């Protein structure tokens, strides 16, 4: 998912913590 793959996880701290 997003939280396992940069830059998505870096760009979505409100989702990924």
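Glycine too: its Cβ is placed from the backbone N, Cα and C atoms.
The disulfide bond feature in Swiss-Prot is assigned to 2-8 (among others). According to DSSP, residue 8 (disulfide bond) is assigned to a helical segment.
Of all the Cβ atoms in the protein chains shown, 13 others lie within 10 Å of the Cβ of residue 16 (disulfide bond). What Swiss-Prot lists as disulfide bond is 3-16 (among others), and the listing cites similarity to another entry.
Non-local neighbourhood of residue 7 (4-hydroxyproline): empty, since no residue in the same chain at least six residues away has a C-beta under 8 Å from its C-beta. The annotation 4-hydroxyproline is assigned in Swiss-Prot to 7.
According to Swiss-Prot, the feature glycine amide maps to 17. In this structure, residue 17 (glycine amide) belongs to neither helix nor strand by DSSP; it is coil.
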DSSP three-state assignment for residue 3 (disulfide bond): helix
Which disulfide-bonded residues sit within 10 Å of residue 17 (glycine amide) - Cα, from 2, 3, 8: 3
